[in-house]
């Protein structure tokens, strides 16, 4: 919408400056940081289903405000859109994990990033070919329809057990698995949840500060802290944001319209998400994550070398840096971004998962903000080649760290994962 909002016929009444556009766009990350703890509290206090529904109403308000575009309303719309954006990557993985059986947990968890990528592609398409107001009306209907459909969705069984609604939890588990309420599998699942809740009730509610310093969780929290930091600075997010500038600098010799260029990256990300959905339960989380980081390190190194040759007067075929950028985006969408949001809820019990997710999703938003903030200064000081060699190094370190310290979580309970993390034999599945 930037090109529309900066034209003389801008829907805002006057063309918006680059500064105004930048300020409006950047507010989403700040708002998302605020939204993460808010939705973590709602999920723990009122339930996962209610938290998911509460994601939708601010989104509808965000699109409604854009129907009356001014600098003020556009700014407010980004705030209303950013708050649930922060909660989305906290609440949705938690809800999906708690309604899923172990054998399909990874596949369903990967749908979060797939859905995001489909949404990005959808916005690129309608934004390129439809007028401003048609886009807003089309998007306003989505959260409204979703909120109506969510009335039929079940509450997470683990939360029902936490509230003492055992019969309702049994009915929900039976419905989700297509089994009779009296089936032994259903009873075993609910009994396990009851046991977990009973153990949790033996101690008072644990504040987040106590969780972060508790020796029982310390190793896992340190590992996730390192993983999310490396994830935030992995570099692929910068490629998706600055793709056009990077392709222009690389001298990609392709006659492709800006619209088609903008479609290519979400299409690659969607393809990667489909590949992940079909492979994650077969290959496991850890091998895919290690492979994605190593492939990204190689791709970033090739891009950096291409830029270095260009800076020294040489020439590199444009398809080389372009294909390597596509490789980075593919690895990010089909491994790094998706698996991070699957790993975190699989590593912690449902009693503390909401608070842990809240802390780390907030931190991820902050790290992604820093990545974009530092991108331009580093590029100006040291050049594209040094910047991309830095990204390559970060991805290589990430791959080695994952190989050594991350335990496989596929098909395992939280306790089994914790036992693997706290043992010395982390390389075993």
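One-based numbering along the chain as shown.
Heads up, the Cβ atoms here are built off N, Cα and C, so glycines get one too.
Because TrEMBL annotations are produced automatically, they should be read as predictions rather than curated entries.
Here is what TrEMBL says about this protein:
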DOMAIN    1-410  domain 'Major facilitator superfamily (MFS) profile'
TRANSMEM  20-43  transmembrane segment
TRANSMEM  108-129  transmembrane segment
TRANSMEM  135-153  transmembrane segment
TRANSMEM  221-243  transmembrane segment
TRANSMEM  263-280  transmembrane segment
TRANSMEM  287-309  transmembrane segment
TRANSMEM  321-344  transmembrane segment
TRANSMEM  356-376  transmembrane segment
TRANSMEM  388-407  transmembrane segment
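Tertiary proximity for the transmembrane segment (356-376) is limited to same-chain residues at least six positions away from its ends with a CB under 8 Å from its CB atoms, namely 26, 29-30, 32-33, 36-37, 39-41, 86, 89-91, 93-94, 208, 211-212, 221, 224-225, 228-229, 231-233, 235, 237-238, 241-242, 340, 344-345, 348, 387. Packing against the transmembrane segment (135-153) from elsewhere in the chain are residues 1, 49, 52-53, 56-57, 59-60, 63-64, 66-67, 123, 126-127: each is 6 or more residues past its ends and has a CB under 8 Å from a CB in it. The largest share of C-beta pairs under 8 angstroms with the transmembrane segment (263-280) comes from 321-344, of the ranges 108-129, 221-243, 287-309, 321-344. The stretch in closest packing with the transmembrane segment (388-407), judged by the count of Cβ pairs under 8 Å and taken from 108-129, 221-243, 287-309, 321-344, is 287-309.
Tertiary neighbourhood of the transmembrane segment (287-309): same-chain residues 234-236, 249-250, 276, 279-280, 315-316, 320-321, 324-325, 327-328, 331-332, 334-336, 339, 343, 383-389, 391-393, 395-396, 398-399, 402-403, 406, selected by CB-CB distance under 8 Å and a gap of 6+ residues from either end. Across the domain 'Major facilitator superfamily (MFS) profile' (1-410), mean pLDDT in this model comes to 82. Outside the transmembrane segment (221-243) by six or more residues, the chain places 211-212, 261-262, 265, 269, 293, 296, 300, 325, 328-329, 331-332, 336-337, 340, 343-344, 347, 356, 360, 363-364, 366-368, 370-372, 375, 388, 390-391, 394-395, 397-398, 401-402, 405-406, 421 with a CB less than 8 A from a CB of the stretch.
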